[in-house]
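What follows is a short report on a single structure.
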Amino acid sequence: MYQDNLAFAKEQDKLDPLASYKSQFHIPKDAEGNDWLYFTGNSLGLQPKETKAYINQELEDWANLGVEGHFEAKNPWLNYHELLTDKMAKIVGAKPIEVVVMNTLTTNLHLLMVSFYRPTKTKFKIVIESDAFPSDRYAVQSQLKFHGFSETDVIEWRPRKGEHLLRTEDLETIVREQGDAITLLLIGGVNYYTGQFLDLKRIAEIGHSKNCIVGIDLAHGAGNIQPHLHASGVDFAAWCTYKYLNSGPGSLGGVFVHEKHSKDKDLPRFAGWWNHNKETRFNMRQPFDVMEGAEGWQLSNPPILSMAAIKASLDLFDTVGMDALIEKSEKLTGYFEFLIQQISSDDIHIITPKNPKERGCQLSIQVKNADKSFHEKLTAHHIITDWREPGVIRCAPVPLYTSFEDVFRLVSVLKNLL
Ligand SMILES: *Cc1c(COP(=O)(O)O)cnc(C)c1O
């Protein structure tokens, strides 16, 4: 159904109901004013043109109202984070009570582990993927050490020899054989390196079969795939908003705590005034009374300027809807895959799963004998991709702002370089 020519790509863009959204983003340009081909939305999403107005609104309210802005701003700051909850919950398939936007990703992983990594003398090990993102690995290792265990108490779920992708049955074996010593599974829902989208429901079942808590890092999933967090049954999840959620460098993260833990006020956790009951928060002399739901993990009053950027992005996502976005994403990445397959060379190989339901928009492409200079040649053609040692180029045709023509042009250049 796909065709390897520019006319076909242009035709697809004409038929694409989401094509117009590209013009709602700032696309980086070269010195001559030509748009770069941007394939690194998996690393830092582009800026929606509306974002500036959202941030300016808060700057103006701050200028005009000072502290009164907490109540009198157009979007009162006191409850600003609540304006993000429903839309964020839809993006990850959660109930509003299960979601909050706060802090940044690694910080949130630690705060969640305060509650959900509760080791005993015999049940204390943590399972991660062997290709876990470094920050997640460091976070887990430091939690182990903090509780008096060793870095080597991390168990790695790794691809089989000669393979790149994880097999769920191998996780099952790990948990069946060592589950009595394992207390937490902390797994990347979409692997940052291969782009593999794992079966979260299955992972939750495997973990729970041996009374392990299951946590998911969705940094590469939120806004890219639909994780159906509530239905999956995982205990908690955390993600950032600067990748597929286009909310700006270092912007705040999102947190999910499953409803089954919402009312458990006995869970150990760190406290601050922002997870204290909002009815009595400003009475100042009250004993700590934790809020229900994911809001019960907040500590501080949040940075409104960063939240304004998130609000701009979530409003855009809400207009488009995840279903429509994923429908385009599957077509666009399918086209990308098709074009790569038309290159008659054994030197190029996609390691991301072939099944569209087991991946998001990113394809990780292995180029034989290539080094970083290959990636630099792409950059010289004004194509921004992402290089990972050893020899993998990650390209994410983000459906909100990538056209079929962009993908066609990327693969034309790849073909010429090989
Ligand atoms: C991007 C990413 C991070 C980054 O963490 P920050 O705390 O936001 O710097 C962590 N984990 C994964 C899996 C990521 O993809």
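Even glycines carry a Cβ here, placed using N, Cα and C.
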Please pick, from TRP157, TRP273, the residue that TrEMBL records in the pyridoxal 5'-phosphate site together with LEU105, THR106, PHE133, PRO134, SER135, ASP136, ASP217, HIS220, TYR242, ASN301.
TRP273
Helix, strand or coil at ASP217 (pyridoxal 5'-phosphate binding site), per DSSP?
strand
Does any of PHE133, SER135, ASP217, ASN301 have a Cβ within less than 6 Å of an atom of ligand 1? These are the binding-site residues; tell me which, or none.
PHE133, SER135, ASP217
Taking residues LEU105, THR106, PHE133, PRO134, SER135, ASP136, ASP217, HIS220, TYR242, TRP273, ASN301, which bind pyridoxal 5'-phosphate in the record, the widest Cα spacing (Å, whole number):
32
C-beta crowding around ASP217 (pyridoxal 5'-phosphate binding site), within 10 angstroms:
29
